[in-house]
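I have placed the structure first, in the form of structure tokens, so that the comments after it can refer back to it.
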Amino acid sequence: MNVLVIGAGGREHALAYKLNQSNLVKQVFVIPGNEAMTPIAEVHTEISESDHQGILDFAKQQNVDWVVIGPEQPLIDGLADILRANGFKVFGPNKQAAQIEGSKLFAKKIMEKYNIPTADYKEVERKKDALTYIENCEFPVVVKKDGLAAGKGVIIADTIEAARSAIEIMYGDEEEGTVVFETFLEGEEFSLMTFVNGELAVPFDCIAQDHKRAFDHDEGPNTGGMGAYCPVPHISDDVLKLTNETIAQPIAKAMLNEGYQFFGVLYIGAILTKDGPKVIEFNARFGDPEAQVLLSRMESDLMQHIIDLDEGKRTEFKWKNEAIVGVMLASKGYPDAYEKGHKVSGFDLNENYFVSGLKKQGDTFVTSGGRVILAIGKGDNVHDAQRDAYEKVSQIQSDHLFYRHDIANKALQLK
């Protein structure tokens, strides 16, 4: 069958790589993709992921059987709805169901209604109300802007001054807009991907841990993710089971109950508190860079899993008996302003590197985004995989990239 992947980043690179391995898949297309994907897929950078008509026309011309949507924006914009209305099979939720990521308030209200464990929250609609709220709230407090923010719309404020600064960032020159304040939760964060079709929810039996902060020791601003690893040895199978029972199954039923038919992967960003696992966020798609490490470890056929889910079967994931560590190299300055167009070399176009922000200029690759390339390390355990990942990092040549030196350290310290 012919499969079309939508998106241009490392997550989509990993999806295309994994789908290309399937015996069920004849051809993988990617729109818009990036040139690093050309060994495994037919890439069409001339079509934008926001060009719904162009994507639809292409899918018709190429007799595409399945469309797999990687990023959140096309889901929120209703690309899945348009494709389904024209008879295409789509892995990814419709516009209504994608609100679970598109609106933090939408997600909080559903969790509140169905008693799904999460932090207490307060919503405000005006800047002046936000400034009033922080006069009497407990610190630290988590400040979240409603809507999509590429993983960067969350600020943890330790003081009232930091909270004021966060409010200024969220509102800018505007006086109105939804901001959600949450009680700060302490504990160990982890990411659980769950395949969902209506009330059928099948969680991965392998979790990943992301590293959101820009710099070592979890310092600096939030980013889209500076690295990830799996499995997470210090979070037990019992926690995974509990997360499934108290979060994954209830949210699938709650969405259906509220009239939202979710089909695709639901990312559960959770935290293990002293009171058990609680939800930090939901995403309506694979995490990035969690997808890259999880799909590298997945032994079974991703396309078969998607078909099983579509047919309402409880699919069984199989995993390689190894650990995976992924280290992200980003443009200096990210997640704030950064320069583009700097040469990057030294890496191979294979499963050891997944490209997020590079484009071809003549025969060389140059930077085109904030997060640039993820180096993948593999090993019998997290320690060996970490060493392998940083060896892969050392092969990359560029004066304009930075990376964290402590990806997966937590697993080694907490063993």
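We count from 1, first residue shown onward.
Here the Cβ of each residue, glycine as well, is placed from N, Cα and C on the backbone.
Feature annotations, courtesy of Swiss-Prot:
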type	residues	note
BINDING	134-191	ATP binding site
BINDING	Glu281, Asn283	Mg(2+) binding site
DOMAIN	108-311	domain 'ATP-grasp'
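Features as recorded by Swiss-Prot, highlighted on the structure.
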residue: Ile134; record: ATP binding site; DSSP class: coil
residue: Val142; record: ATP binding site; DSSP class: strand
residue: Asp158; record: ATP binding site; DSSP class: coil
residue: Ala166; record: ATP binding site; DSSP class: helix
residue: Glu174; record: ATP binding site; DSSP class: coil
residue: Glu182; record: ATP binding site; DSSP class: strand
residue: Phe190; record: ATP binding site; DSSP class: strand
residue: Glu281; record: Mg(2+) binding site; DSSP class: strand
*Sorry to bug you, but what's the C-alpha spacing from Glu281 (Mg(2+) binding site) to Val142 (ATP binding site), rounded to the closest Å?*
12
*asked:* Measuring Cα to Cα, how far is Ala166 (ATP binding site) from Glu281 (Mg(2+) binding site) in Å?
replied: 19
*Rounded distance in angstrom between the Cα atoms of Phe190 (ATP binding site) and Glu281 (Mg(2+) binding site)*: 11
*Between the Cα atoms of Asp158 (ATP binding site) and Glu281 (Mg(2+) binding site), find the distance and write it as a whole number of Å.*
20
*asked:* Quiz question: given the binding-site residues Asp158, Glu174, Glu281, which has the greatest number of C-beta atoms lying within 10 angstroms of its own C-beta?
replied: Glu281
